[in-house]
């Protein structure tokens, strides 16, 4: 297994928080090229963890290794070159007067030549399907479109890791669906590691691996179908059951008993129901 991130015994405590720790001796590994969702209720420590990995927050104890580099004051900028972060509020991410200017901003800081910069900007805007909006101002865009521009800005710098810090939580259902599908496309087409910080179980179900945080500690990790099939853990952490599990349980309450292995498999449960209706 080739890990791109290793976190060992990470502890973080906010000032004036007493004995409460936002992160309490957290250790985890993230495989290169994978999509990992870090889930938990508000205050569970998931955003603190993401921002610690990117060097935006100085933790109290522990070690963070990103692609073979130990995070420190001397290496933080080397690590940030490898990571692109997309935050919750798209309005807080715009720094350019237009879409094109915003995507070019990071490239200008890297000293990229103008001709090459234009090619990169056009290419990434096409990838996120925003090439027809490059002269638009931020206030002329929807929330989902702004997040697409933020993703384009991240892709322009060719990161090895993309961290989505609650990046879909302020979007309407359609916008959320479009952004998650876009990230899924980018993940499938490129060797990019994706870390999604979320409390949206349906979003986390698309990932390869799920880590559940509760009160600063990891309480469960594994494949999404395994993790979200644990009703006791979901109750403890205040997370919702996936839609498929809700449907399965509702069928059982009505005296309809699908095979238990279909509880976390939406496509197979749908097919089973279709076959059941055809026999009726």
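Even glycines carry a Cβ here, placed using N, Cα and C.
Residues near residue 43 (ATP binding site) in space but far in sequence (CB under 8 A, at least 6 apart, same chain), listed by position: 215. Here Swiss-Prot flags 40, 41, 42, 43, 44, 45, 46, 47 as ATP binding site, drawing on sequence analysis.
Feature annotation from Swiss-Prot assigns domain 'ABC transporter' to 5-240; the stated evidence is sequence analysis.
Of the listed binding-site residues 42, 44, 47, the Cβ environment within 10 Å is emptiest of other Cβ atoms at 42. DSSP assigns residue 44 (ATP binding site) to coil in the three-state reduction, placing it in neither a helix nor a strand. Excluding the listed site residues 40, 41, 42, 43, 44, 45, 46, 47, the same chain places 48, 199, 213, 214 with Cβ atoms within 8 Å of the centre of the ATP site Cβ atoms. Across the domain 'ABC transporter' (5-240), the prediction's mean pLDDT works out to 91.
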